[in-house]
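J.: According to Swiss-Prot, the protein has these features:
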ACT_SITE  Glu44  active site, proton acceptor
ACT_SITE  Asp55  active site, proton acceptor
Amino acid sequence: MNRIETAFKNTKPFIGYLTGGDGGFDYSVACAHALLRGGVDILEIGFPFSDPVADGPIIQKAHTRALKEKTDSTTILEIAKALRQTSDIPLVLFSYYNPLLQKGPQYLHQLKAAGFDAVLTVDLPIPRNANESESFFQALMEAKLFPILLVTPSTQEERLLQISKLAKGFLYYVSHKGTTGIRSKLSDDFSTQIARLRRYFQIPIVAGFGIANRASAIAALEHADGFVVGSAFVEKLEKKISPEELTTFAQSIDPRQ
């Protein structure tokens, strides 16, 4: 059983996101450990990219900071290896398609060997006539990495049916239109949207994009099977808070504590 499947067996997981290499290798690893101590059950590690169009200003700046630290594909592997020395937490690579396409299938096997369990490719074309993405899904399968896929409030039925045949581990529901960022509350139609998705998907459904406090996490868990916090953590890293402070902040969001 994949570590991600195990994470959903007894709880509704708290999923955290950090951009790999933000603040440098050592700080990035220390902050990842801090999130684990703060209650995070699954960790997404962002692969820094020069054109992160799906992200809002907070995470865009994190990509820039990480690239200035010379974070590259090897750094991402080393971060995972460092975490695997002491932790069995599920790891998801959060990436744009282009860097992975450029690296080729061999890199996916390197990700698996380093300790990653899944890949979420935010701008991946879902196969219809896109031969490249079809081969990418095949490469993920061969590397034994789960494809984590995104859906939005506007994803149409035909697309949902296609995605339901490909997604594994969990479905990532983008709970707000637009880019990543911090929002004060979930959308008014959140429960309706989750109910709609359950007609198509048997895997767990988690909510992300905008969850930044305990109140929105509680609201998400009323209907979803887990929740993701990203921008709220990344904003703290921009301020160079200590790992201890980051642990405390994560605990303040987690409604299960």
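Note: Cβ is positioned from N, Cα and C throughout, glycine not excepted.
Tell me about the setting of these features in this model.
T.: Following the DSSP three-state reduction, the secondary structure of Glu44 (active site, proton acceptor) is strand. Under a cutoff of 8 A between CB atoms, and with a sequence separation of 6+ in the same chain, the neighbours of Glu44 (active site, proton acceptor) are Ile15, Gly16, Tyr17, Leu18, Leu91, Val92, Leu93, Phe94, Leu120, Val228, Gly230.
The number of other CB atoms found within 10 A of the CB of Asp55 (active site, proton acceptor), across every protein chain shown, is 25.
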